[in-house]
Number of protein chains: 2
Amino acid sequence: MSAIQNNVEAASAEYSASFDKGHLALPPAKKYLVVTCMDARIDPARAFGIELGDAHVIRNAGGSAADALRSIVISQQLLATKEIVLVKHTGCGMLTFEHKDAVAVVKNNLGEKAVTELSEKVPNFLAFPDLDKAVVEDVDYLKKSNLVPEDVAISGWVYDVESGKTRRVV
Amino acid sequence: MSAIQNNVEAASAEYSASFDKGHLALPPAKKYLVVTCMDARIDPARAFGIELGDAHVIRNAGGSAADALRSIVISQQLLATKEIVLVKHTGCGMLTFEHKDAVAVVKNNLGEKAVTELSEKVPNFLAFPDLDKAVVEDVDYLKKSNLVPEDVAISGWVYDVESGKTRRVV
């Protein structure tokens, strides 16, 4: 057992000892979903006010709408969510490189076989150079998709990792 | 502004008022990442003991390793994480349907254009019929991938949405 694995077991023992939410239903009670970044500095539940059971929370590198599309369709079509809150954040790693830079790192660290697998499975790292613009573009992507019903409300936000504030962009 | 959007603004005001973690660095302090499901009944920070700034948290429908691969490569190659904790959960929606069922729902609700877009962007909904087996298969997928360095520790777990407990599978 690694220190991190031990930590999961310790957290589980503590959390389950006072856990009283075992009755919650599968579909999100407030019928919405959040898409945000995997960044370690974001706690979506507290920062965005999500009570346990309220909303699906989809997280990936950059809070990419395209990368989240499979999950969004499942959330909406099978579990009846009706609204999307998309939140990117200041200081995001995705602002710091371009796709080709990351491919070069993979090639250097993991070799040619990894680059071949990458081209099949991760054709685009989905980095972005402008934060607010990326929020607008991702909201547009979802609004234009035939896979997102027209009556779904979609808002785009930026979370500030230095202040803990979330600002509406679109 | 919808009620959900108002809730984000209210949560932001409350959270930022006492926020004192603005100094955290971009790379996760404990150098690990968690892959888990988007399910509304999971609070990874509390259930798995993740302090703000410690770990990347990737969430998608089912806690799929394949779906998370782009984020995992970025986390490891650009932000130096060294361990993966993968957690699926009891009562997961992904246990309740097959790919073709979800495609039929999309066709019925959203029409032929949506099905065409689906075939391009979401070729597989990645549902699974057996929970523990899916955990084992996802850990194997990552262990066999050329995109995940051999020295990365990978563990697989199941979170019980009724008890709040997290159990190690592999």
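Placed from the backbone N, Cα and C atoms, the Cβ positions cover glycine too.
Positions annotated as Zn(2+) binding site by TrEMBL: B:Cys37, B:Asp39, B:His89, B:Cys92. In sequence order, B:Thr36, B:Cys37, B:Asp39, B:Arg41, B:Ile42, B:Gly63, B:Leu131, B:Val158, B:Tyr159, B:Asp160, B:Val161 constitute the residues six or more apart from B:His89 (Zn(2+) binding site) in its chain with CB-CB distances below 8 Å.
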Fewest other C-beta atoms within 10 angstroms, as judged across B:Cys37, B:Asp39, B:Cys92, which are the binding-site residues: B:Cys92
Assigned conformation of B:His89 (Zn(2+) binding site) - DSSP reduced to three states: strand
